[in-house]
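The transmembrane segment annotation in TrEMBL covers 12-31, 38-59, 71-92, 104-122, 128-147, 159-180.
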Amino acid sequence: MSGHGGGWANPAPAGLVALAVACFTFFAVLCGKVEHTCIPLLGIWLIGGGIVQLIVGLIELNEGAVTGGNVFTFFAAFFMFVGAFEFLFKYFAALNGWQIDARIDGWAWLVLWIALWLWTPAYFKSTLVMTLLLLCLDVAVPLVALRDLGILGASASPIAGYFLLFTGIFGLWQATAIVLNTTYGKTIIPTGGPLAK
C-alpha cells in the first residue's frame, strides 16, 4: 500500500491509537463501566499496545525525534508492558488470596508523573492537540500515583478516568490528523499551532 518508496513514514499514529486503546479501557475500569473480571483481557490489550508503542518509539528515536521517541518507549515499557503483566498478576493473586503491598506501584507512578511534568514543555512546540493530550495526562497520572500510594481515596479514580478518556480522544484526533493530512497533502483535520516557537 506504499505510495512512495523512500524512507519510513511517520509511525506516531499507530502509537497514538495504542495510547487511545489504553486510555479508553482505563477509563472504563476507573469509572466502573466494566466489572473487574475484565482485568485479564485488559492486560492482553495492553501487551498489544506495548508492542506497537515500542516499535513506534524505536523508529522515532532512529529518526531523531527525541521527545516522541523517548515518550513512546517509556510508555511502552511502563504503562503498557508493566501495566499488562501487573493486571494479569494481580488478578491471579486475588484469586489465590495472595497478599501484595501494591503501594510500590505508586512509587513507580511517581517517577512517571515527574517525568511527564518535566517533559511537558517539550510538547509546547508540538500541535495544540498534542499539548492538550499531555496536559490531560499531567492530571491523570498524578491522581493514579497518589491513589496507588494510598494518599487519595477511591473518589480520585473517576477523575483520573475522565482525564484518560480525554487523553485518548486527543490521541485519536492527532493520529487521524497525521494520517489524513499526510495522505491528502493538506490540512483536513486541524490540530492547532504550537504554544511555543
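Including glycine, each Cβ sits where the backbone N, Cα and C put it.
Bear in mind that the values here come from a model prediction, so they are computed numbers and not experimental data.
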Could you give the residue numbers and ranges of same-chain residues that sit at least 6 residues beyond the transmembrane segment (159-180) on either side and whose C-beta is under 8 angstroms from one of its C-beta atoms?
10, 12-14, 16-17, 19-24, 26-31, 127, 129-130, 132-133, 136-137, 139-140, 143-144, 147, 188-191
Taking 3+ C-beta pairs under 8 angstroms (sequence gap of 6 or more) as contact, is the transmembrane segment (71-92) in contact with the transmembrane segment (12-31)?
yes
List, by number or range, the same-chain residues at least 6 past the transmembrane segment (12-31) whose CB is under 8 A from its CB atoms?
38-39, 42, 45-46, 48-50, 52-53, 55-57, 60, 68, 72, 75, 79-80, 83, 157-158, 160-162, 164-165, 167-169, 171-172, 174-176, 178-179
